[in-house]
């Protein structure tokens with residue numbers, strides 16, 4: 001969240017200087033047109049370790065984890081409104097982590113080389129006008145996707161019947177598209193904030209130097225659109241969600257019997273998903289506090305907090321890279337899908353996870369589909385598919401022939417088995 005003003009401040013204090021301002025330069029302004037300094041700046045060990053070691057490592061590992069999350073959450077077996085939001089959040093995390101590595105490491109490398117005429121500095125100067133806005137777009141999208149996740153869980157917990165109609169995967173995908181469009185439009189001016197001079201060095205543009213732009217867009221735009229509104233929504237709704245979850249756990253303890261029925265299983269899965277969403281949003285708020293304070297200090301009070309700036313950027317990257325840990329801790333099906341995709345069905349990890357017919361789903365290697373092991377759920381799915389199939393045939397104007405057969409669900413004596421038997425009509 002603090003990438004906007006924090007990185008711009010870093011650029012303003014380092015690379016956005018004329019050669020005549022560099023230490024060790026002696027000459028006229030005309031000679032300094034394409035003259036680069038030769039003196040190296042004093043090494044800041046905290047920024048060096050964070051930008052050249054910690055952030056690249058976190059970004060590489062986090063990018064791989066984000067790809068895994070995208071693959072898992074976009075499978076048909078995981079189709080739900082919450083998983084659609086989590087897949088979109090993983091896409092934003094992947095973009096944010098990838099471009100953060102392309103920004104921070106070259107930045108610190110150029111600082112250590114004294115902003116001289118080096119390959120690292122030229123790469124940083126040429127790429128930053130594009131990588132910085134894209135990373136901020138992903139950052140804005142991740143913030144509002146967390147808001148969407150909070151609203152989704154609030155509706156699921158407080159309005160469980162209505163949420164089945166309101167919170168559908170298709171509607172969640174539409175909201176994700178709207179969030180993406182809003183993020184692109186809101187962050188589009190950043191593409192015009194930085195430019196390169198005739199020597200290729202990085203400069204702030206006329207737009208960025210405009211005091212009204214910095215006051216209204218950079219300061220108040222960030223405060224309202226990326227801090228005040230989304231954080232207020234997430235904090236308030238999560239308070240209600242936590243209270244509802246606590247109440248639900250009390251009800252579960254007081255209930256006797258019925259632990260094996262499908263309704264209790266669905267309620268338990270819903271609570272687990274809600275706890276995962278709460279943990280994810282709370283982690284987001286905690287990891288972004290330092291960056292938010294840095295941004296407020298630099299944009300509103302024009303005060304630099306020194307080494308807290310790289311720490312805030314490190315926590316932002318760590319937050320994006322750690323979401324897979326939360327998904328794994330709270331999502332039984334997520335763990336199952338990851339192990340099946342990485343290790344195969346015969347892996348020892350499958351035995352450790354106790355993945356089998358008693359779990360939520362079982363992987364069918366023949367056709368890549370999920371077999372529901374719950375009898376009630378399977379019956380409902382088969383009945384719904386059969387009804388839709390016969391309804392489409394009747395509405396498509398097919399020849400009116402007497403029905404030769406109909407599908408009937410027959411219960412066998414074996415536990416958790418279903419079969420389709422053809423019976424004459």
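Keep in mind that glycine also has a Cβ here, set from the backbone N, Cα and C atoms.
Looking at 25-45, 109-129, 172-192, the stretch flagged in TrEMBL as transmembrane segment turns out to be 172-192. Within the set 194-219, 220-245, the record from TrEMBL flags 220-245 under the feature transmembrane segment.
Annotation: stretch 172-192 has the most Cβ pairs under 8 Å to the transmembrane segment (130-151), among 49-73, 172-192, 220-245, 273-293, 305-330.
When Cβ distances are compared across the two stretches, the transmembrane segment (85-104) makes no contact with the transmembrane segment (220-245), since fewer than 3 pairs at least 6 residues apart fall below 8 angstroms. With a threshold of 8 Å between CB atoms, the same-chain residues lying at least 6 positions outside the transmembrane segment (172-192) that come near it are 4, 81-82, 84-85, 88, 129-130, 132-133, 136-138, 140-141, 144-145, 148, 152, 205, 207-208, 213, 217, 221, 225.
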